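Colleague: Pasting in a structure now, in structure tokens, and then I'll have a few things to ask.
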Amino acid sequence: MSLQVAESAIQQAEHADEAGGGLWREAFRRLVRKPAAIIGAIFVAIFVIVAVFAPLIAPYSPTATDLSQIKGPGHIPGPSSTHWLGLDDLGRDVFSRMIYGARQSLVVGVVSMAFGMVGGIILGLLAGGLGGWVDATIMRFVDMMLAIPGLLFAIGIAAMLGQSLVSVMIAIGVVNIPVFARLLRGQMLAQREADYALAAKSLGVKRSRIILGHVFPNSLSPVIVQGTLTLATAIIEAAGLAFLGLSGADPAIPEWGRMLADTQKFLTSAPQLVFYPGIAIVLSALGFTLLGESLREALDPKNRR
Amino acid sequence: MSLLDVRDLSIVFSRRGRRDVRAVDEVTFSVAAGETVGLVGESGCGKSVTSLAIMGLLPKRGAAVGGSIKFDGTELTSLPADKMRGLRGRDIAMVFQDPMTSLNPVIPIGLQVTEVLRRHRDMDAAAASKEAASLLERVGIPDPARRLKEYPHQLSGGMRQRALIAMALACKPRLLIADEPTTALDVTIQAQILELLKELVVDSGTALVMITHDLGVVAGMCDSVHVMYSGRIVERASRWELFEAPRHPYTAGLLASVPRLDQARGEKLEPIPGSPRDTIPWTQGCAFAPRCRNRIESCTQGAPELVADKLRPDHDLRCFNPIDVAEQEAVTL
């Protein structure tokens, strides 16, 4: 009886082993064993859930003011049972504004990262795939972009495109293009020399197909990892640009960076107002960084069994 | 007429700021349909480069190919790239040394096999995947339908080499080049893979060029053997002839350095002294001379030519002072 149980358990184990899929599934299995990855994933999950379900979670509208709580000029009520994180200088519920702020940060982070990644992949693919003068031209262009400090570059672009959320996203995206382009190109150059590329060539597979079907998919994993890490920096950069007053024209829309900028004048009287958005920015960026770093480690062939 | 005719092949690698390297020189051999020919030599003797040249896989820049490579009457060295691509995989295929790295790790086996079929045999996806399964079956991979969906890392080394052989044979090529196909495998698997290659070659009448440093492989498979040293062929003969009466000191050295079952216990193996790096350019003399125990004065004064052996028929030799057949027999006895 117990022997049978043991046998079936062994069979199941063998089966589970065989059922394992490709590179990504294996990486996922390694990922769930890492505490850092799990902490990062929890932060990211909370952040995403809050952002997506903001209207359901937030107790008040982010723009509604409750002036009954303000007992005179310059009074900023702290946390209470009705307003968990207190009110800001205009009598708006901080907790609700924080929750809606997550939305802004997530949208800006994801869109600008995607913009940078797609742009970088196109440039990197052209450079790494075609080589020759195309490669040289694109890479010199990319070097030029890399030579300008990131935040300064983003400020320039955002200022040029005018104060709006879209221009912030484009600015952050453009700043990240060269990073993705260089990463993908370098990876593709290395993968092009791999044995399987030569083997495919020896079977008469067309060059375009070797590049797109064999070399490109093998070069993608570091780019995807970089994407996760870029999400973190994009959130920080978005907050930075908002802090500098370059994000949207409507001050009523809550945004962590802008909340930080607007409340810093109350640093002595109501320091909690600065503290909340600051912590939120740090934790969300930390979540993506932890997840990205663990993913990089999980995908690293050196760490494989 | 022979299927593959390599004549006076020379390959020179040049790089800016470095001296040119003549990796292959004066290499001439031919392979008839259905014949198995061995190219034997130590690492760095030019055997792999020769195979890459036949496949047209040498880099365009930095590698100058001289001489002629004729495949079924078509000159390959001057063939346009797109024509060559059409030939590769369909008429000439190659099996590489390391099955661990020769398969794309992020694509299932099935896709990699069907890719060839769709490229050269114009099959649609369904027909190609059916054919792929039967190909895997033919090379002895059990449960091929499941294996097709799996990724390379889920297969053992021997399985992967089988899959690679299946890919190479997918279009029934007329010439197969196997570049040390068993070097990266366990000894037990080696025998299976060699057996498989032999079987497939006999079944389909494919000509096989076997590139190896393993004389055991040669003994088991090849009809004729070309021994290379430092980019040139130094001895050529049929398998029996070569093993029975090696005339070039290098070949004899190779044979003596392999353990034999019929050797007396405790008898020492004889390595060839030095390494392939201890060489002199062929322009100055015989490249093997610094390591050769039969060296005479003329060996370092101009290179020997590859000529027919005076003592034995069907035996070519590039040596001023070959091993005496009589002496050889004395050694064996």
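Cβ atoms here come from the backbone N, Cα and C positions, even for glycine.
Annotations per TrEMBL:
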TRANSMEM  A:36-58  transmembrane segment
DOMAIN    A:102-292  domain 'ABC transmembrane type-1'
TRANSMEM  A:106-134  transmembrane segment
TRANSMEM  A:141-159  transmembrane segment
TRANSMEM  A:165-184  transmembrane segment
TRANSMEM  A:229-253  transmembrane segment
TRANSMEM  A:273-295  transmembrane segment
Colleague: Residues sitting near the transmembrane segment (A:141-159): Cβ under 8 Å, six or more positions beyond its termini, same chain?
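Modeller: Counting only partners 6 or more residues beyond its ends, the transmembrane segment (A:141-159) has Cβ contacts under 8 Å with 123, 127, 167-168, 170-172, 174-175, 177-179, 181-182, 237, 240-241, 244, 246.
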Colleague: Six or more residues beyond either end and a Cβ under 8 Å away: which residues meet both conditions relative to the transmembrane segment (A:229-253)?
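Modeller: The answer is 62-63, 100, 104-105, 108-110, 112-113, 116-117, 150-151, 154-155, 158-159, 163-165, 167-169, 171-172, 175-176, 179-180, 260-262, 277, 281, 284-289, 292-293, 296.
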Colleague: Let me spell it out: take the transmembrane segment (A:106-134), skip the flanking residues so only those 6+ beyond its ends count, and list any with a Cβ under 8 Å from a Cβ in it.
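Modeller: Long-range Cβ neighbours of the transmembrane segment (A:106-134): 47-48, 51-52, 141-142, 165, 168-189, 192, 211-212, 215-216, 219, 223, 226-227, 230-232, 234-235, 237-238, 288.
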